[in-house]
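A.B. asks: Structure incoming, see below.
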């Protein structure tokens, strides 16, 4: 009767994948034929490999937990009237075993497992103030990513120790197992459980990276923010992702920008939007008022003098050309700044002002309610203009 695989590795049934892996590595080093010359060590080593091959594979582990060794041979599935191919490693492995016999595809597969692997890309979310997005600049960020271990140089081996050819697969990175199916006998090709497909094993793993060849490192980066960016803009920083494995190139860092709102300005594409409050007399008679722009708020210039034409209506939009958002890649080309007039109607006036307004209303032949004073006639008309009616409702 076959021994229990969990018992072989000395782990419980609820052990994590990482715990199973650690137990396997510890036992594999202890009973490796190159290290342990005692009788029975080689058979024990094969037993350990078989146990790890099953328990490290989610599908095989699930079948073993449910049906035991019989579930791995297909007996449990056959009893239910059909053949389950989950334990065969998939049809890709079957086809691969065919081509291995005729075209040497197995060697190609092993080389792909042992070849360079590009590092993972990383994402970093960066908040910008409104004016930082408009004018750009430089931001310093701190990221954590994988870099080639500075102790072992990426080999994964402790300095002074060797990286040896895997004795299980002979350096090919793969193992073969004969499988019986309703279609006949097939040779299944799978990743070597000892070396994980690399074809090499460590005499002793590096203490800094635990044999991975890569170590987590925190570093500072300076990111150049182009003028005119907006929320959702993505910046690519080449080569600042995780380091590659086995000499592969590093991944990239993608910085996603999120722009915070501003109390004075809004943005619509390349257009800056704002409001300016003027009195009803300024709207009627015309005036010149100072208004802030994104440039003045950034300290690049003084506030701009805006001309209010006589007879301006509430909601009138005045435009400052070239005072908007710079175009990305061409900061000399800018959008406009559109300013909406908000006409303020006073709720209290002096008796002298009321007398003047009543005389003005009489000149225009306006009928006014004397009990309401200035709330009638001209001022009533101003108050009922669309832009100001909305503001009164607020």
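Every residue gets a Cβ built from N, Cα and C, even glycine.
Sharing the features that Swiss-Prot gives for it:
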{"type": "DOMAIN", "residues": "4-68", "note": "domain 'J'"}
{"type": "ZN_FING", "residues": "136-218", "note": "zinc finger"}
{"type": "REPEAT", "residues": "149-156", "note": "repeat 'CXXCXGXG motif'"}
{"type": "BINDING", "residues": "149, 152, 206, 209", "note": "Zn(2+) 1 binding site"}
{"type": "REPEAT", "residues": "166-173", "note": "repeat 'CXXCXGXG motif'"}
{"type": "BINDING", "residues": "166, 169, 192, 195", "note": "Zn(2+) 2 binding site"}
{"type": "REPEAT", "residues": "192-199", "note": "repeat 'CXXCXGXG motif'"}
{"type": "REPEAT", "residues": "206-213", "note": "repeat 'CXXCXGXG motif'"}
A.B. asks: Taking the repeat 'CXXCXGXG motif' (149-156) as the reference, which of 166-173, 192-199, 206-213 gives the largest number of Cβ pairs under 8 angstroms?
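C.D. replies: If we count Cβ pairs closer than 8 Å to the repeat 'CXXCXGXG motif' (149-156), 206-213 scores highest.
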A.B. asks: Only counting partners 6 or more residues apart, tell me which same-chain residues put their Cβ under 8 Å from the Cβ of residue 206 (Zn(2+) 1 binding site).
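C.D. replies: In sequence order, 149, 151, 152, 155, 156, 157, 158, 159, 213 meet the Cβ cut-off.
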A.B. asks: So if I measure Cβ to Cβ from residue 192 (Zn(2+) 2 binding site) and keep only same-chain residues at least 6 apart in sequence, which ones fall under 8 Å?
C.D. replies: 166, 168, 169, 172, 173, 174, 175, 199
A.B. asks: Are there any residues in the same chain, six or more apart in sequence, whose C-beta is under 8 angstroms from the C-beta of residue 209 (Zn(2+) 1 binding site), and if so which?
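C.D. replies: Long-range Cβ contacts: 149, 151, 152, 156, 215.
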A.B. asks: For the domain 'J' (4-68), what are the DSSP-based totals of helix, strand and coil residues?
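C.D. replies: Output for the domain 'J' (4-68) reads 45 helix, 0 strand, 20 coil.
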A.B. asks: Determine which residues of the same chain, besides 149, 152, 206, 209, have their CB within 8 A of the center of the CB atoms at the recorded Zn(2+) 1 site, and list them by sequence.
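C.D. replies: These residues sit around the Zn(2+) 1 site: 150, 151, 153, 154, 155, 156, 157, 158, 205, 207, 208, 210, 211, 212, 213, 214, 215.
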A.B. asks: For the Zn(2+) 2 site (166, 169, 192, 195), what does the 8 A shell look like? I mean other same-chain residues with CB within 8 A of the CB centroid.
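C.D. replies: Other same-chain residues near the Zn(2+) 2 site: 167, 168, 170, 171, 172, 173, 174, 175, 193, 194, 196, 197, 198, 199, 200, 201.
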A.B. asks: Return the average pLDDT for the zinc finger (136-218) as a whole number.
C.D. replies: 86
A.B. asks: Which state, by DSSP, holds residue 152 (Zn(2+) 1 binding site): helix, strand or coil?
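C.D. replies: SS state of residue 152 (Zn(2+) 1 binding site) = coil.
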A.B. asks: When the repeat 'CXXCXGXG motif' (206-213) is classified with DSSP, how many of its residues are helical, how many are strand and how many are coil?
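C.D. replies: Tallying H, G and I as helix, E and B as strand, the rest coil: 0 helix, 0 strand, 8 coil.
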A.B. asks: Measure from the Cβ of residue 169 (Zn(2+) 2 binding site) and count the other Cβ atoms within 10 Å, all protein chains considered.
C.D. replies: 22
A.B. asks: Among the binding-site residues listed here (152, 166, 195), identify the one with the smallest other-Cβ count within 10 Å.
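C.D. replies: Ranked by other Cβ atoms within 10 Å, the binding-site residues 152, 166, 195 bottom out at 166.
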